[in-house]
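J.: TrEMBL feature annotations, pasted as is:
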TRANSMEM  41-63  transmembrane segment
DOMAIN    55-306  domain 'G-protein coupled receptors family 1 profile'
TRANSMEM  75-95  transmembrane segment
TRANSMEM  115-134  transmembrane segment
TRANSMEM  155-178  transmembrane segment
TRANSMEM  211-235  transmembrane segment
TRANSMEM  256-276  transmembrane segment
TRANSMEM  288-308  transmembrane segment
Amino acid sequence: IGSHPKFLSLSSGLMAGGNQSSVFEFLLWGLSEQPEQQHRLFLVFLWMYLVTVAGNLLIILAIGTDMHLHTPMYFFLANLSCADILFTSTTVPKALVNIQTQNRSISYVECLTQLYFFLTFGDMDIFLLTTMAYDRYVAICHPLHYAMVMSRRCCFILVTACWTLTNLVAMTHTFLIFRLSFCSKKIIPDFFCDLGPLMKVSCSDTQVNELVLLFLGGAVILIPFGLILVSYIRIVSAILRVPSAQGRYKAFSTCGSHLAVVALFFGTVIRAYLFPSSSSSNSIAEDTAAAVMYTVVTPLLNPFIYSLRNKDMQGALGRLLRGKVSFSCGQ
């Protein structure tokens, strides 16, 4: 991290990966260095977290309780909402506790655990968004074969493959971080434990980690992103051949929400992982802002993006909420 005073080691102890893990701690940079902003940040992030969990939970319940939404598209959307709840729950509660207690420490074991689950659910978002793009491609470009291609068995296989791949990727990165050495009380330049910040504060050679992050991490981000782009190029080409304006509008409306999520999520992820900044204070603030976008803002916006222009989802949510109201009145 250079000679920036925020990143001077607060202890001279050196720990090899896995040794003294019960007493070893990192310090998290946090969301802001300004004391007067801490209370405001706590309230904002608490509100965002509660809305994220509630919104995505409503999506899952609406899809699960409405027979009209038992289709591949909404099956994948329910899995995405589940992954988003788990994804944001990996980082935000710890950040809120640190703000409230004014204690930025995180143990070595807790840090690696957070890293593993953060990578698992973050990569799951990537794979699910790719699967959803494939689903829309088959639905629009090959509608006559859709029921056969996107069968119930195929959907379960795709989601199982997503979970399997994301766990393998997360385990690979976490194991490579585990083998590094760290100086005690090093300050991680982020509000949670992530690959780049952890490599920056390592006291050992991180060349292998950097190569794996470049090639494996790059593949996990760029290959799905490329597949999504190819899918939507084919989709747009097919839509433009639809003779009726109403048919084109309906096709675009079903894909527009997905494209908005893809652009927001992949834009900030590519910025954070493939174009990391230097170690200056301003650059750390920029990296933190990018991290907030894909770890907090995107999961927060997903329920709104997928429901605002979707009449089927609006109807299911309305029936779900009316059912809750009538149930409450009955009590």
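Placement of Cβ uses the backbone N, Cα and C atoms for every residue, glycine included.
Predicted, not measured: the structure shown is a model, and the values here were computed from it.
Mind running through what each feature is packed against?
T.: Residues 31-32, 69-70, 74-75, 77-78, 81-82, 84-85, 88-89, 92-93, 95-96, 99-100, 296-297, 299-300, 302-304, 306-307, 313, 316-317, 319-320 of the same chain lie 6 or more positions beyond the ends of the transmembrane segment (41-63) yet place their CB under 8 Å from a CB of it.
Residues 73, 76-77, 79-80, 83-84, 86-87, 90-91, 158-159, 161-163, 165-167, 169-171, 173-174, 177, 192-195, 198, 220-221, 224, 227-228, 231-232, 258, 261-262, 265-266, 269, 294-295, 298 of the same chain, all 6+ positions outside the transmembrane segment (115-134), place their C-beta atoms under 8 angstroms from a C-beta of that stretch.
Here the transmembrane segment (155-178) has long-range neighbours at 17-18, 72, 75-76, 79, 112, 115-117, 119-121, 123-124, 127-128, 131, 134, 195, 198-199, 208-209, 212-213, 216-217, 220, meaning same-chain residues at least 6 beyond its ends whose C-beta is under 8 angstroms from one of its own.
Remote same-chain residues near the transmembrane segment (256-276) are listed as 122, 125-126, 129, 132-133, 136, 195-196, 213, 217-218, 221-222, 225, 228, 232, 287, 290-291, 293-294, 297-298, 301-302, 305-306, 308-310 (criterion: CB distance under 8 Å, separation of at least six residues from the stretch ends).
Through the fold, the transmembrane segment (288-308) approaches residues 29, 31, 45, 48-49, 51-52, 55-56, 58-59, 77, 80-81, 84-85, 87-88, 91-92, 118, 122, 125, 190-192, 194, 257, 260-261, 264-265, 268-269, 271-272, 314, 317 of its own chain, all at least 6 residues removed from its boundaries and within a Cβ separation under 8 Å.
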